[in-house]
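Enquirer: When I checked TrEMBL for this same protein, it listed these features:
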ACT_SITE  91  active site
ACT_SITE  201  active site
DOMAIN    6-285  domain 'Malonyl-CoA:ACP transacylase (MAT)'
C-alpha cells in the first residue's frame with residue numbers, strides 16, 4: 001500500500017474502544033491477552049468497562065497504543081503481506097508508529113508507554129501542569145505571545161501544531177489561566193483549558209525525558225522502517241536518531257501539520273488506526289483521503305476501497 005499509517009495520541013481514549021476488534025479477531029484478542037500478562041494490567045477491564053484509570057496517563061497511554069495495535073492486527077489478519085510507505089503518530093502515537101515499523105515489539109512498546117505515562121504524571125503532579133487549546137490565531141502570533149508571557153515569568157509553551165488555526169499550549173495551570181484573556185484579546189476564536197493533568201511537549205518534562213531515554217536504550221532495535229518525527233517532521237529509521245528524537249519529543253512541540261505536509265506528496269492516502277481524531281485534523285491540512293479504522297465495519301470498508 002502506498003500509504004502513510006498514522007496513529008492517535010492521548011485524548012483519543014474512550015470506554016469500549018477496541019471491543020469490536022477483541023470480539024471479532026483472533027489476533028486482536030490474543031494481543032490484548034498477551035499484553036495484560038506482559039504489562040500486569042487488566043486491559044479488558046481498562047478498555048471495556050467504565051473506570052477511573054483510563055484517564056490516568058500511565059494507563060491511558062498503553063490503552064491507546066493497544067487499541068491502535070489491535071486495529072493494525074485486524075488489518076494484518078486480512079492482508080498478511082501488509083506494507084506501507086511510512087508511519088507517523090501524534091505525540092504518543094509516534095510510539096505506535098515505531099511498533100508497526102519494527103523498532104520494538106508490540107509488548108515492549110506497551111510496557112514502554114506505561115512507564116512514559118508514569119514519568120510524565122510524576123513530573124506534572126509536583127507542579128500542577130496542564131494544557132490549553134487555542135483556535136483561530138496564527139502560529140507565529142501564538143509563539144510571540146508565549147514568549148512575551150515567559151518574559152513575565154509565566155511558564156507557557158506551544159506544544160501541538162495540530163492544523164492551521166489550532167495550537168495546543170502547555171504549562172503551569174495557573175499561568176495558562178492567567179494568560180487566557182491575552183489570547184482572546186489577540187483575536188482567538190476560542191481558548192479552552194483541556195481536561196489534562198500533564199503538560200506534554202514542553203521543558204517542564206525534562207526529568208521525564210531523561211528517564212524515558214534510559215528505557216528507550218533497552219528496547220530500540222538498531223534499524224527499522226521509516227517513521228516521521230514529531231520533533232522535526234523528518235524521516236528517521238535507526239536507533240541513534242530515535243534515541244535523540246524521542247528524548248527531545250517530550251520537551252519539544254509536536255509538528256503534526258508539518259509532518260502531514262511533508263509526506264502527502266509521497267503517498268496516496270492516510271490510514272488512522274484506532275480513532276478518527278487525526279482524520280478530522282487531516283481534512284484541514286491535506287486533500288488526500290484519510291481512512292479512520294475504529295471498528296470492524298471501518299476496516300471492511302477500507303479493505304474494499306483499497307484492495
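Glycine residues also receive a Cβ, built from the backbone N, Cα and C atoms like all the rest.
What's the neighbourhood like for each of these?
Expert: The Cβ neighbour count for residue 91 (active site), using a 10 Å radius and every protein chain shown, is 24. For the recorded site, residue 91 (active site), the DSSP three-state label reads coil.
Taking all protein chains in view, 26 other C-beta atoms sit within 10 angstroms of the C-beta of residue 201 (active site).
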